[in-house]
Amino acid sequence: MSELYTKTLSQVAAMLGSGEVTAVEAVRACLDRIEATEPEVKALLTVTGEQALKQAEAMDAAGPDAAKPLWGVPVVLKDLLATKDVKTTCASKILENFVPFYDATAVTRLKEAGAIIIGKANMDEFAMGSSTENSAFFQTRNPWDTERVPGGSSGGSGATVAAGQCFGALGTDTGGSIRTPASFCGIVGLKPTYGRVSRFGLIAYGSSLDQIGPMTRSVEDAARMLQVIAGYDPKDSTSVDVEVPDYLAALGRENLEGVTIGLPREYWGEGLDAEVEASLKASVDKMEALGARTVEVSLSLTDYAIATYYIIAMAEASSNLSRFDGVRFGHRDKDADELIDMYTRSRTQGFGDEVQRRIILGTYVLSSGYYDAYYNKAAKVRRLLREDFDKAFTLCDFIAGPVLPTTAFKVGDKVDPLQMYLIDIFTISANLAGLPGMSLPVGLGADSGMPVGLQLMGPAFCEADMLSVAECLERNLGPMPMPAL
Amino acid sequence: MKISPEKVAGIARLARLDLDQDKLELFAGQVGDILDYMDKLGELDTDAVEPMYSPVAHTTVLRKDEVRKDYRREEVLANAPEQDGQFFIVPRIV
C-alpha cells in the first residue's frame, strides 16, 4: 500500500468504504508521505499524527459507515480554521499558542462525514499574501520545484495536497488564496459562492470576501468535499439559506455541447506569459472540440479591481484584527503596566510586517476625512464590478481565463508589496462580486515545467454546473501528473 | 500621495501599533505608493452608484432570549495570558 498516497480522495473513499483499505492504513500512508516529503516542502505547521491514528483505530474497530461519505479519509486544514483542542495559529506569533475550544462549522461537517484531520497547513500570516512567504514560522515550498513558492495564502494546503501528504485540504480565498496555490501547485481549487460555506470558526481577514473551499487532486474530489461543507449555518449570518444541490450527480457529462464560455478580452491580452497563454489556449481549444461555444466578453473594470480589493480587504482587516489585544487570547507583553500600552506592545510584537502594513493602510482608509475617498468609493466600484459580471453572464454561462499571469515564481522574487498585490489581478474580482471561481490544472508550462491553472468563474451558486464542465474538461485533458518528490 | 513617517506614526497610534523609525520610513514610502495606485479609482464617476458592502444582504439574526451555556468558563478562560479562574486579568485601569 506504499503507493496509496497517489490515489485521489474519491478512490481512497471507495477503498475505505469497501474495506479494501483500513482507516489506519490510510492515515499511515499519509504520515509516511509527510515524513518523506515534509523536510523539503514544509507545508504543515502542526501534524496530529497520534490523534489521527487513535481515531482511525477506533473507526476501524467499528467498521466503515456508508452514511459517512469521507469515512476514514485523511485531510488537512488551513491553520486559520478553528479546531477544538488543536493549535490554530493563523501562521502568526500573536496566536502561536492558541488552542480553540470549538470547531469551525466546516471542520465539524468534515468530522461528521468521517474525515480524519491529520494536520494544519502553513499559510501567509492572517491569510495576507500570495506566496506563503509571509508565514511567521517558515516558508512553504512548491513540491514541483522547491526553489519556487507554492502560491498563497493557502500555500500549505496547496503543497500538502500536491505532495500527496493527504487526500484533500481546506483553504480559504479572500482574493484568490485558494485558486493561486492550486494553480501554482497543479491541483484543483474551488472558491465557492460567498455564503455557500459557513465562515463560523474561520479567523476573519476580509469578512465580506473570505470563503472556505476544497483543494484536491481531482474535480470529483472537490465536489465530494464541497458536498460535505456546503450549506446554511445559523451561526453565520452571512451564510445563505438555499438548497445544496447534489454536486456528484452533476458530474459525468459527455461533452460541452450547449455550454457558452466567455473569454474576457481584459484577461487574454498583454501581460500573460507565453507558456501560460499557450497552455490555456490549448485547454480552450479542447473545450471547443468538446462542443462548447466561445464568445468574447468584456470585464471592463478589471483594471480597477486591485485598488478596490485592497481598500476593502485592508479596511476589513484592520477592523477584524482589532480583537487581538492580548486580553482574552494570544500573545501579551508582560512588562506593560498600563492597559493601552499593553495592547500596543502586544500587537507590535505579535504581528508581522505585512499584517502591520495592511492594518496601517486599513486604518488610514477608514479614518475621518478619507473614508469617503477610499472605502466608500471602493464599495461603489465594487457594485460596478458586480454589474460587469452580471452583464457578461447574459452572454455566456461561464468565464474562462488565467488564474495568474505566470507560473510559480522563485522564493524572494517579489519583494515590493505593490508588485505582489498586482499578481492577483485575475482572481480578486470574483471575491468582490461574491461569485464562485475555480482553478483547474491544464498542463505544465513549456519553459518552466511548472503547472498552469485555468480559471473558471460563473454566476452565484453555479458550482454544480461549473464542476461538471471542469470535470468533463479534466477527463478529456488526461490526468495531471504528481510532482516527482 | 506623499505620506510622512510622522503621519504613519499617527495612524499606527490609532491602530495600537508602535513602529520604530526605520519601519515608519519604510512604510511611509510603501503606503504612499499603494495609495497612489488606489487613487486611480478617482477616474470613475460613481456619484449615482449605491455602495456594495457585501455580496449578500446581511440580516440581523436574533435568537430567543434564553439563557444557555454553550461553553464552560474554564474553556473560555483557557487561552487568556492571565486569568484567575473567574476573570481575565489586565493591568490596572484606574
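The count begins at 1 with the first shown residue.
From the backbone N, Cα and C atoms, a Cβ is placed for every residue, glycine too.
Copied over from TrEMBL, here are the features:
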ACT_SITE  A:LYS78  active site, charge relay system
ACT_SITE  A:SER153  active site, charge relay system
ACT_SITE  A:SER177  active site, acyl-ester intermediate
DOMAIN    A:25-466  domain 'Amidase'
Using Cα coordinates, what distance in whole Å links A:SER177 (active site, acyl-ester intermediate) and A:SER153 (active site, charge relay system)?
5
What mean pLDDT does the predicted model reach across the domain 'Amidase' (A:25-466)?
97
Applying a 10 Å Cβ distance cut-off over all chains shown, what neighbour count does A:SER153 (active site, charge relay system) have?
35
Could you state the CA-to-CA distance between A:SER153 (active site, charge relay system) and A:LYS78 (active site, charge relay system) to the nearest Å?
9
For A:LYS78 (active site, charge relay system), write down the residues of its own chain that are at least 6 apart in sequence and whose Cβ falls under 8 Å from its Cβ; none is a fine answer.
A:LYS120, A:ALA121, A:MET123, A:SER154, A:GLY156, A:SER157, A:ALA169, A:LEU170, A:GLY171, A:THR172
Secondary structure at A:LYS78 (active site, charge relay system) (DSSP, helix/strand/coil)?
strand
Please give me the CB contact count at 10 A for the residue listed as 'active site, acyl-ester intermediate', counting all chains in the structure.
36
Please classify the secondary structure at A:SER177 (active site, acyl-ester intermediate) using three-state DSSP.
coil
